[in-house]
Amino acid sequence: MAPGLTQTADAMSTVTITKPSLPSVQDSDRAYVTFLAGNGDYVKGVVGLAKGLRKVKSAYPLVVAMLPDVPEEHRRILVDQGCIVREIEPVYPPENQTQFAMAYYVINYSKLRIWKFVEYSKMIYLDGDIQVYENIDHLFDLPDGYLYAVMDCFCEKTWSHTPQYKIRYCQQCPDKVQWPKAELGEPPALYFNAGMFLYEPNLETYEDLLRTLKITPPTPFAEQDFLNMYFKKIYKPIPLVYNLVLAMLWRHPENVELGKVKVVHYCAAGSKPWRYTGKEANMEREDIKMLVKKWWDIYDDESLDYKKPVTVVDTEVDLVNLKPFITALTEAGRLNYVTAPSAA
């Protein structure tokens with residue numbers, strides 16, 4: 001086990017992570033990755049994420065896996081923000097008529113394509129409605145061979161189809177309601193929120209994911225359910241601070257230390273900052289208003305816009321472009337050259 005990482009025997013325990021004293025930030029085969037589809041306003045979330053990673057001085061790039069329906073204008077915006085744009089083809093479940101918890105979840109199966117980005121040894125996936133408020137590059141140094149993510153909460157109404165919701169059981173507070181083994185059998189495996197996870201791209205895994213999807217009936221939470229099923233044997237929980245789902249603020253406030261949170265997931269209804277009105281349930285809370293403002297502070301900060309590094313090639317190109325101008329001035333007799341003294 002790597003230095004700075006401990007894990008108890010309790011299956012419910014999360015991996016405890018400490019920042020290494022000398023993080024290896026020179027690896028070019030690591031990256032963050034997000035997903036974008038369509039011509040809507042989610043591009044604002046991705047721009048905000050790119051600027052947030054820049055603000056916390058992440059050493060690694062942001063790759064945007066996007067479907068073909070993302071317009072050229074949005075692609076240019078993301079390239080101008082320093083993102084690496086990768087077009088991917090859609091992935092559909094075998095039965096599109098399945099009732100998902102949210103209708104748009106069907107397109108999220110396309111996220112499986114990120115497992116073929118094998119030019120990277122490790123990647124951290126982040127949804128476009130996530131913002132990073134502290135550097136999390138150290139997560140890349142966690143031991144290989146696992147998928148790391150934060151456990152989800154089952155207390156919102158979107159989980160009403162599950163036995164967990166019906167008996168008020170939640171893995172975020174397993175001591176409050178004991179799982180009834182006699183009636184329901186063994187408790188379910190730990191379940192992560194797929195808005196943020198650390199994984200290892202691999203072509204064999206990628207092909208097997210697609211094969212397995214073809215014979216797996218779709219379920220309400222689409223690719224999140226599928227990933228939990230597929231990776232349940234290698235999933236390792238990490239602390240809540242790496243993916244604060246906003247519902248935790250009112251469902252499990254005892255588990256949240258807002259001042260220590262590194263990553264915020266604006267997935268609660270009405271919480272996406274670029275659509276925020278404050279009218280939906282729980283959106284009038286002061287902590288929500290503060291987090292929405294915090295996101296906008298980053299998005300609106302022009303100093304965080306990507307600045308292309310000046311290279312020797314760029315400088316030479318500039319000089320070449322100036323030659324006709326200098327020649328014209330010389331011929332007009334308006335430019336006199338002064339021989340520079342020798343440096344010898």
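From the backbone N, Cα and C atoms, a Cβ is placed for every residue, glycine too.
Feature annotation from Swiss-Prot assigns active site to Lys111. The Mn(2+) binding site annotation in Swiss-Prot covers Asp127, Asp129, His265 and is backed by similarity to another entry.
Annotated features, which come from Swiss-Prot, shown on the structure.
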residue: Lys111; record: active site; Cβ neighbours (10 Å): 23
residue: Asp127; record: Mn(2+) binding site; Cβ neighbours (10 Å): 21
residue: Asp129; record: Mn(2+) binding site; Cβ neighbours (10 Å): 25
residue: His265; record: Mn(2+) binding site; Cβ neighbours (10 Å): 22
Lys111 (active site) to Asp127 (Mn(2+) binding site): how many Å between their Cα atoms? 10
Simplified DSSP label at the residue listed as 'active site' comes out helix
Let me know the DSSP-derived helix, strand or coil state of His265 (Mn(2+) binding site), please. strand
